[in-house]
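Written out below as structure tokens is the structure these notes cover.
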Amino acid sequence: MSKIDSVLIIGGSGFLGLHLIQQFFDINPKPDIHIFDVRDLPEKLSKQFTFNVDDIKFHKGDLTSPDDMENAINESKANVVVHCASPMHGQNPDIYDIVNVKGTRNVIDMCKKCGVNILVYTSSAGVIFNGQDVHNADETWPIPEVPMDAYNETKAIAEDMVLKANDPSSDFYTVALRPAGIFGPGDRQLVPGLRQVAKLGQSKFQIGDNNNLFDWTYAGNVADAHVLAAQKLLDPKTRTAVSGETFFITNDTPTYFWALARTVWKADGHIDKHVIVLKRPVAICAGYLSEWVSKMLGKEPGLTPFRVKIVCAYRYHNIAKAKKLLGYTPRVGIEEGINKTLAWMDEGL
């Protein structure tokens, strides 16, 4: 067992999933690539992806279903499973428990039952965030007792289950990766949202003083880290140091929070000569007011105290462990990643 013979990517039809397909497609020797998802693969791929869809085997199913999961693993004959399926932020807390906790429990159980050797789990850098500043955090930072939100709470629970499932005596090795601020082609939230802000004429507003450093990570780099983790777990010489461990994954270039937004806006020709700064305490009060008004009107609030805290917090991480043990180096820089994302958006897919 020294190479990836067959990989099953759970959540492979999603944003990160497409980048995972690309990274596994590009390695040599190329493994059999299988996708398990409740959604079909996109009918039309962006030019940013070069893999051949005909080479990808698709399995439709529910990751909380033991039968669906077992059938997909057995049919794929996967010796590596990558679990990146997760609902997006801002949804009902119940869906996070169903997918992130119950779904992950089922994935672990079926991997063990079917004799899978490697499980790589996509966690989140947000599992250590509770609204307080995060300065150069490494993997020794504790999970907070009071989580920031249901998404990160359930991600932390799932991560813990995956790490505790690591069992070298049964030839089952696990690892959890914690990417921060993912963006790239296929992103339906971050960059598209920033573009919409500019179109609405709101790019002149800034929440916070913009002195807070923040980690953004290109999706292709995150996918690359998953491939490296799988390879290290398959190698008898490196698996002991990697199995049962967590790793922060970033672009290793913390930037001031609003720098990415302004890079996007600049690329689109939106350059504001004057910026209106809304200080953090004022913005939090405005967030509470927005929530109250939106609740009265039965609408989703645009500004919330939660969003203000995220925008104003320091959140950057130390990836020395990933560099040393995984051999991870971000290959696509922030500006190049933004350009790739904008090019994808301009395709209108």
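A Cβ is built for glycine as well, from the same backbone N, Cα and C atoms used for every other residue.
According to Swiss-Prot, the feature active site, proton donor maps to LYS155. With a cut-off of 8 Å between CB atoms and residues at least 6 apart in sequence, the same chain places SER86, ASN100, SER123, SER124, GLY126, VAL127 near LYS155 (active site, proton donor), listed in sequence order. DSSP assigns LYS155 (active site, proton donor) to a helix in the three-state reduction.
For GLY14 (NADP(+) binding site), the same-chain residues that are 6 or more apart in sequence and have a Cβ closer than 8 Å to its Cβ are ASP37, ARG39, CYS84, ALA85, GLY186. Look at Swiss-Prot and you will find 11-17, 62-63, 84-86, TYR151, LYS155, 179-182 tagged as NADP(+) binding site.
Per Swiss-Prot, the feature substrate binding site maps to SER124, TYR151; the stated evidence is similarity to another entry. Neighbour density for SER124 (substrate binding site): within 10 A of its CB lie 24 other CB atoms from the protein chains shown. For the recorded site, SER124 (substrate binding site), the DSSP three-state label reads coil.
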